[in-house]
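Below is one structure, written out as structure tokens; the observations come after it.
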Amino acid sequence: MQVHIIYLGHNLRRDPFLTTKSHIKLLSRVFDEEHKARDALVYSYKYGFSGFAALLNSTQATTLAEMEGVISVFRSKMLKLHTTRSWDFMGLTLDYSAHSIPMQLKYGDDVIVAIFDTGVWPESESFREESNLGPIPKSWRGKCVKADTFDPATACNRKLIGARFYLAGFELDYGPLNATGFDAEFRSPRDRLGHGTHTASTAVGSIASGVNFYGLGSGNARGGAPRARLAVYKICWFKDLEGRCSEADIMAAFDDALNDGVHVISASLGSSPPLMPFFSMSTDIGSFHAMQMGVTVVFSAGNEGPDTSLVQNVSPWGMCVGASTIDRGFPTKITLGNNVSFVGQSFNIKEMKMDFVDSTSLFDGGLCSFGKWNKSNSATNKIVLCFSTVGQVSSTAAAYAVLQANGSALIFAEPFTKQNLQDDFLPTIHVDLYQATQMLYYIRSTRNSTVHISPSKTEIGHVPAPKVAYFSSRGPSSATPNILKPDIIAPGENILAAWSPKSSPTLLPFDDRSVDWNFDSGTSMSCPHVSGIVALIKSAHPDWSPAAIKSALMTTAYMSDTSSETILAGGTLKPVDPFDIGAGHINPLKAMDPGLVYDIEARDHVLFLCSIGYSKEQINRMVVPSSGLDISCTGNHSDTDLNYPAITISDLRWTTTVKRTLTNVGHGHALYYPIITSPQGVHTWVWPNRLVFKYYKEKLSYFLTVAPAKQSTSRYDFGEIVWSDGYHHVRIPLIVRVNNEKNGDFDCGGDESRSSA
């Protein structure tokens, strides 16, 4: 018998006596008599959260862990486990111990979040209507449409208040929607793929207990804004094992959503470079008009990292989100036949002890790839060691190759900077190259090599986090390099959220498993994290513009991990720079009270459009007219002048001055002083040297002068500007590329900055 902790989530201010009584009742389910359960009870946690500690054997602990309502069971000294651990990692807990309503439950019920994705599985616990949820906001003008296996009478409620679908553009490109076979789709808002259900659950999912993926990540799931309303716009359809989205359908969804009265739009989609001009892309057009109507649009940055300049969705009026890791891992013990042990990472749920072989005995050239199996040997009842460096294969490709050879499991070696867990159907344990090399030496030095693999565990807080996920697309923008992208990063690796039971965890035709919750990774997952936080901020500050909300998120973001070191850029061993992380990692609690914001008004957008080559006539047709708005392009304008919460000068040849304007959203009277960290080889001055705000919403400007102090070309250097009143620290990145060297000589010619048309 050992002391185990059973964690049940928040307590919702229930009566302490009743809470303890419920603990004993639950504990009694693993004892034959109630008095034995009372004797086994060590502590009852009944004030700040709900849970208990008890003396249990392993069988009792396992039984409790499988019960509905139990978030996690772990031996004493272990940390609390939470599905959608990302929210707790970012400080958004459901803990009532501070005697105040948690932020996620205090805000959001008056905000409608639109998800542009593959639809929704309405029966998921994430979309249930909680009893204390108020009436649908009166501003809502949308609807739930009745269609294939989707009946609004049962599918929609006060949580899921809208559902539409769009496929005319898709069918024009691909022909009629497939209604039969493995890749059959629902001609309705119902989700076939699972991706849309996952992103919607992450953004605004209701609180769901007893959530796990085959016992891993067990806990309490919720979205960023669990009280916000959900409107689903199905624009992406299952095709060739992925979601395909027609721009014609995307535009139609934007058109409807803005008319329906949504407040936030979350769109985890994009297009790889080369990037089209802003107003030649459906997403840029839709988000521009959304911004003008006060609707914040959040996009994913793309999954093409760690190479530079592959970031997508780079318009200054949209929010572009990269992906980060959290402090949760799934360690899996590997013990060789010589009793040497290693720890990998996996979603493995089975204990296995089998023969251990390396790929050269099964595949031509040792390349673990389809078509390379030599068929002279079988992998039956064997675990296979494969290297990603042999033929540059992915873990997925290697797993399918080993499966083809009838193998039982895969140990996959790759650089530790690139490891990313996923369910590959075949049990796959990820190890680094050093570990795998030692395993290879063992296999080749032993006639009958064996390996014992233990089931994976869930651990919290054992690795520094966050770091930028290696796949997260990086800047600078290939369209407008003077506008920093991505804007920010948020959790996007191994996120557990709701899933369509029609879709297996891998989407593969031979995978007949059905799950309600699934792990997924990508900037598709980080995007709805930010969308949920935007909903909370919008609810708390309904008069803030999309630019003000973006500024609040960017200026309060942080750059250090849980070990107080600079966050690492995944895929490398270097500390992050703004092209990896934008302004930093999102900090939702700080963003609620940023002190100052860099707001952007209509005239600012007019001048930006002028700077990238749009004419007065074009701008007149794009910008919503308002009293006193000047849409002229008279004079010289640079995209560096946009009042963005970052300053990027991608072509600094001589002394340059840029202007920024700050709006006071804190206390009426405030005094701010600047703290400047200059990029290497650059002199900087700021004027004035203090900002004195006398009232709420007052606007004051400052000027930053930047001068090259070295001869250089094509090298970016990084600094920052912080305005502080002693409590608020309003920080923005300062990014400069000195470009004054030509053929070894100092170059005094050229333009002050470059811009894209």
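A Cβ is built for glycine as well, from the same backbone N, Cα and C atoms used for every other residue.
The feature domain 'Inhibitor I9' is assigned by TrEMBL to 3-82. If you look up TrEMBL, you'll see 108-560 marked as domain 'Peptidase S8/S53'. Annotated active site, charge relay system per TrEMBL: D117, H195, S524, in sequence order. Under the heading domain 'Subtilisin-like protease fibronectin type-III', TrEMBL lists 641-736.
Taking only the Cα positions, the spacing between S524 (active site, charge relay system) and H195 (active site, charge relay system) is 9 angstrom. As a whole-number mean, the pLDDT of the domain 'Subtilisin-like protease fibronectin type-III' (641-736) in this prediction is 96. For the pair H195 (active site, charge relay system) and D117 (active site, charge relay system), the Cα-Cα distance reads 7 Å. Taking a C-beta cut-off of under 8 angstroms and a sequence separation of 6 or more, D117 (active site, charge relay system) has the following same-chain neighbours: D191, H195, G196, T199, A200, V232, Y233, K234, I235, C236, G243, S266, A267, S268, L269. In the structure as shown, the Cβ atom of S524 (active site, charge relay system) sits within 10 Å of 27 other Cβ atoms.
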